[in-house]
Structure formats: C-alpha cells, structure tokens
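Annotated features, as they stand in TrEMBL:
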ACT_SITE  Asp157  active site, proton acceptor
BINDING   Gly25, Arg88, Cys89, Gly118, Asp119, Gly120, Ser121  ATP binding site
BINDING   Arg461, 518-522, Arg556, 563-565, Glu625, Arg651, 657-660, Arg731  beta-D-fructose 2,6-bisphosphate binding site
REGION    1-381  region 'N-terminal catalytic PFK domain 1'
Amino acid sequence: MQRSAPVDPTKMGVGKAIAVLTSGGDAQGMNAAVRATVRVGIYTGAKVYFVHEGYQGLVDGGDNIRQATWESVSMMLQLGGTVIGSARCQDFRSKEGRAKAACNLVKLGITNLCVIGGDGSLTGANEFRNEWSDNHYQSEAKHSSHLNIVGMVGSIDNDFCGTDMTIGTDSALHRIMEVVDAITTTVQSHQRAFILEVMGRHCGYLALVTALACGADWVFIPEMPPDEGWEDHLCRRLTYQRSIGNRLNVIIVAEGALDHHGKPITCDIIKNLVTKKLSFDTRATILGHVQRGGTPSAFDRILGSRMGVEAVMALLEATPDTPACVVSLSGNMAVRLPLMECVQVTKEVTKAMAEGRFEEAVKLRGKSFENNWNTYKLLAHVTAPDVKSNINIAIMNVGAPCAGMNAAVRSAIRIGILQGHSMLAVHDGFDGLAHGAIEPMTWGYVGGWTGKGGSNLGTKRSLPARMIEEISLNIAKFNIHALVIIGGFEAFVGGLELVTAREKYEELCIPLVVIPATVSNNIPGSDFSIGADTALNTITTTCDRIKQSAAGTKRRVFIIETMGGYYSNNNMCGYLATMAGLAAGADAAYIYEEQFGIHDLETNVEHLLEKMKTTVKRGLILRNEKCNANYTTDFIFNLYSEEGKGVFDCRKNVLGHMQQGGTPTPFDRNFGTKMGAKAVLWLTEKLKECYRHGRIFANTPDSACVLVMKKRATIFQPLSDLKEDTDSEHRIPKTQWWLKLRPILKILAKYKISLDTSETATMEHVIKKRGTV
C-alpha cells in the first residue's frame, strides 16, 4: 500500500466511461464483480456500460453495449454464472475483429475496460490495449489516445498465477464437497471405494483441496504425477485403511491427471485397478459442469465485490504508462499485479509440467498451492515411525463449538502420530483437563472427522484460573509435554492464564499453542478464525431466502440479528454482520465497533424510504446482537415499522445458534487441517529447544503462542505480545482489518459517503514476489 494525496472519490470518474465484460468459462461470483464495478463506477461519477456476450458483444456492438444503472444490477449478487453473458469469440482473435471492437468503444467514449475472465481472455485484453494507438484506430480515436485495462480473474480452476484465489474457486469447492458428503454416506454403508473426478485440465487445485477437505486416501493432479509403481502403492494404502477399520476409500482425480509418461490417469483406469487387484466394490463419479453451477459462496461474493471496487480505482488512477493489471487478493489484502507477468508465470507452469519439472511446477503455482500439497503429503503417509519420541501432546477444544474444529483435531492428532508422539484427547475443555477426562487417540479414531461440525471432543467455556492446581496435577499425572488449545476467546484467555501460572506451577512450563476457532472471528492477532467462514455462509444463505420472500410482497424491510458471540454478554465483534452485509447486499449493518446513534438510524430509514421509490422495493438490515444495549433489535424493528408506515412494512429474524451448526465449508475444513498440522510441527521443534537435563522446561514468552493468520502468512505470535491489542472487556481485538471494508458496504448500498483514496494498492511484481515469499 502507498499513501498519496486524497482526492474526492465521487469526482474521480466524471467525464469518463467504463465498460465491463465477462469472458470465457463462467464462474460463480462474476455477478458480484459486475455489480460492484457498476455501482462504484457510478459512485465516482463515471458512465458504466455492460458488454453482453463477452468479446463477441464487443465486436458486434449495437445493443450488446448498453449503459448500466444502479437498479440494473440489483438482485444479481446471489446468482451463479454471469447475467451479462459470456461467449467464446473467434472474431476477436483477428486484428480486424479487434478493430471493430475498438470502434464500438470509441463511439461511446469508452477508454476504460474491465475484463472478468481467465488467462486467455486477459491476454486478449492486453493485445487489444497494445493495438489501441495503432494508426488503424486513429480516425476514430482522436480523443481516446489510450485504453486502460484492468482484469479480474474468473476461473473455477484457480489456475492463474500471482493470485491466491480466483473468482468462482471457493463456490466450485462448495459444490464438490456437497457431492462428496452425499456420496460418502452411501459408500460407507456398503464398504465401497469411491473415485471422484473433478475439473482441472491443467491445474489440480480443486482436486488437491477436495482431497484435504474430505481426508481422501489419494489424489491425482497434473502438477505432480505419481511415482513409478503407483498402482501397487495405491492398493497397499487402500488395503491398510480397510485393515484399521475404515469402511470407505476416497480417491480424487483431476481431469488432467497424468502419469510420468504423460499418459492420462482416468476414473476408469483406477476403478479397473482397484476392482481387479483388491476386489473392492468400487464406484466412480465424474462431476462435470455441476461444479460451475449454483449460488456463489459468501467468499466469492466478497471477493468479487472487493475486486470490483479495486478494479474501478485502478482504472481511474491509471496513466498511459500504467501496464494492464490484474486485481486480486493476497491474504486479505487487495493487490494489483502486472497482467502479462501473471500470464507469463501461468505459462511457465504448463511448460515446467511438459518438461517434467514437477517440483518447480508446484512452486510456480504459488505458496498456497505448495502448502496444500505439503500438508497432503504429510497426512497421506499413514505409516507411523518405528521409533517413538516418548512425547505426549494433549489436544483440547475450549469455548463455543464451531465448524472446522474437528478437522484441526484430526490433522493435529495424525501429524503427531507420524512424528512418533503419543496424542492425548482432553474432553470438555479445561474442565476435562482438571478432572482427568483424558484418553489416548489413535489414527483410526479421527477418521471422517473433517466433514463433521461442532466439537467431537466436547467443549466448555470454563477458564483454568479457578482450577489451576488440579490442571497442573493432571499435566504431571498424564505426563503431558505440550498442549494444543483449539477455540475462541476463552482459549486465548485460558492460554494467558496458564502462562501467568507458570511462575507458581512448574508443571505448566510446557510449550502450548492456541489455534483460533470461533464464529465471531475475534481472536487478537489473527485475521481469520476456523468456523467464521461456515457461519458467514449460513447467514448469507438465510439472507438470500429472506430477500427472495420479499420479491413477491415488495416494499418490505427485513431486520436480521447475527451473532457476535452469544455465550458472552460482552462479546461485541461485528465481523459476521459486516461480512454478511457485503455478501448478501445489505442496506446497513449495525455493529459495536462503529458507534451509531439516533441520527444514523434516521438516515438509514430515509435512505430506505427513497429506495422504495425505485424498482428495488426491499431492504435488508443486519444487526450484531450486542452492538448497542439500548438500540436493540426490537427497538430498531419498532422504529423502522413506525417510520416506514404506509411505505414499507418490517419483519425481523434472530438467527441464533444456527450460525454455529452445520457441516464445515471447504475453507474451514482446509484451514483447520493446515492449522492443526502446523501447530504440531511447531510444537515438535519447540520441544527440542526446551529439552534440558532430561526434561521439558518452557517458560519463555515464545513457548506459548497463538497460530495467527496475518495478511499473507500464518505466524506463531506469543500470547503475551497480544495482550496490548486486546479489548478484554468487549472481547475483541483493538485493531480489526475488516473495518476498512465498511465503506464499501455503504457505497454498494448507495450511501453518499467518502471513500479513503489516500491509501491505494501498489503494483506488485509477481516474478520478484515469487522469489521472496
């Protein structure tokens, strides 16, 4: 990020015109990106045009290029595919076709083009830009000397290098996991092997994350063909899984999977192998286009919305010397990347695979892909070492249950077993640790846990301070050498209490790590917590259904109460209300972190009264349950009902505990799996450091950490360092990154507020970035 002199964002686009098109294969979340581009473009004073049917519409012109209005993108957010259409276009591949497209844009005074598509679509856009100033166009382009291009990557394969996630990938994973969960129940009933082919002709991301998220026995991906003799290895692994009591085997195959000789590995080949060699009852399913369909996930809606905002800003800030760029997320940060550098690296991956440089291909895919591959490799090797470490590591859940906790427990236990440790499960949080509810865990015991919601270990909100003596005695009795605490704010506070008690109880001088897991996403130091994504999707889906019910009745405003931590009277975190507001297209989201009063409520009511005069005759208001002691959900409902009398009526809905339930989303399964593995690997190294005179002794601040996700990396941060960033009274961090997204929520709801333009995303270089990450 770089700071510059602030400019008035509502004047940035005056006298300018922006066109937006979707090209190539459709992806869920494209509509969110189109919606944000249109609304933010209009907010800046620019004219915004839809280009229907992708590049074909650009070449054909006429009614295919139409001016967009604020209302024309309403109710678009929750729709899959692309409302403005996409088409493969041969005409645009020729210079004559591109010349026609240029003339069509110039006639309308459009010199800013936002392209949402894959690497082919974006490469075409760059070529179009480079030809713009050729004499070929000069007759029409006297006042349009250059064309600004910004790309957003819409591709379910996540095959574009330089970006963490492309629009549509998370939604595709949702569709895949829905099928996996459904098929798993029937396969388990009959003790079958199950082979699933997912999309990914040149990229194995979907297959790899699916394998991690469902605990698959094997995954075949194009980037890393299996070693010679894989057939025997696969059969040995499947046989071993059956021998330890597993009733099913799961094999995931990317459609582009190859062996080392470049021969395709298909579902049929694997099915015939397993049936012939092992006589297992085997079924194969090819998912196909179902992965592209359906409603976009909350993540893809927020990603598309944020990228749409960033794309408009990048276009309006561009100069003739600015290279065409791609906007994307890196961690939780918006970044701008040179388009052709990304394309170059993407092509390098294909070249590396073709030349057999597979380790390099995995690295070129980026840090996220590489981490996923390394975690899969760790968990896929089920043979425990012959030599035991004589280390006992205990795992516990603390606080309210949330989806993804079980995935973290499973991976932590299995990684620990592979390290030669004895893994102990503590039931019912700190209560269980104090009362000796501790038992050894085996590899097979946690089988199938990744897809289960809640906490299989049991969890309580009790803190350790009042039972510290009993806890220290049990740590000694069960010879516990290290502790993994998975949970929410209570886990954080409980970890601090254990560290404080080290002065008095030597038994507590053991390494410990806290893994954030809470729907509230309120752990200091960490941008994300396990469980928050699942809760966010639950709220978003509910909001969709509620909004749909208003489509028939019209003139209706819904007020929805979300959690910020039901179990505590003081938990004020507004993360869920804000992010659900962005994902569901809310008109307002009331939270504790952004104080509001009667004048703000009055402004919101007036805004809705104006909205009811347009074609969009419905409203959605979100309220965090603890945002204000006096302006309760009932108060706001009564106020809106009274002030809207004769214009709109109101309904209210308290979502409650449904936000904590349900099966984990692919993100939470994958995130939990990686966090559990990282925590135990870190403890293994820390135990080596703390081993002195024949025993473990850890009393330094860096021996008790929270595993936090910060911007672009996961890091171990000492608990004691995070005390200063904690508002203990309200159970929230003092700094929260997502508050910067609040203005976007308001702008997309048509509030005339100011957007801070003094801090902009700088252009980053992918090739340099790859070398330093």
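Note that Cβ sites are derived from N, Cα and C of the backbone, with glycine treated the same way.
TrEMBL entries are annotated by machine, without manual review.
What you are looking at is a predicted structure, and each value in this text was computed from that prediction instead of being measured.
Features recorded in TrEMBL, as mapped to the structure shown.
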residue : record                                        : contacts (Cβ under 8 Å, 6+ apart)
Arg88   : ATP binding site                              : Gly24, Gly54, Gln56
Cys89   : ATP binding site                              : Ser23, Gly54, Tyr55, Gln56, Leu58, Val59, Gly97
Gly118  : ATP binding site                              : Ser23, Gly24, Gly25, Val153, Gly154, Ser155, Asp159, Phe160
Asp119  : ATP binding site                              : Val153, Ser155, Asp159, Phe160, Cys342, Val343, Thr346
Ser121  : ATP binding site                              : Ser23, Gly24, Gly54, Tyr55, Val115, Gly151
Asp157  : active site, proton acceptor                  : Thr166, Thr169, Met199, Gly200, Arg201, His202, Cys203, Tyr205, Leu206
Gln660  : beta-D-fructose 2,6-bisphosphate binding site : Ala400, Pro401, Cys402, Ala403, Gly454, Val519, Gly531, Ala535, Met563
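Geometry remark: Gly120 (ATP binding site) versus Arg556 (beta-D-fructose 2,6-bisphosphate binding site), CA distance 44 Å. Set side by side, the binding-site residues Arg461, Arg556, His657 differ in how many other CB atoms lie within 10 angstroms of their CB, and the most is found at Arg556. Listed in sequence order, the residues Ser23, Gly24, Gly117, Gly124 complete the 8 Å Cβ shell around the ATP site centroid, once Gly25, Arg88, Cys89, Gly118, Asp119, Gly120, Ser121 themselves are left out. Of the binding-site residues Gly25, Gly120, Ser520, Ser520 has the largest number of other Cβ atoms within 10 Å of its own Cβ.
Within the set Gly25, Arg88, Cys89, Gly118, Asp119, Gly120, Ser121 that the record links to ATP, no two Cα atoms are more than 15 Å apart, and one pair reaches that distance.
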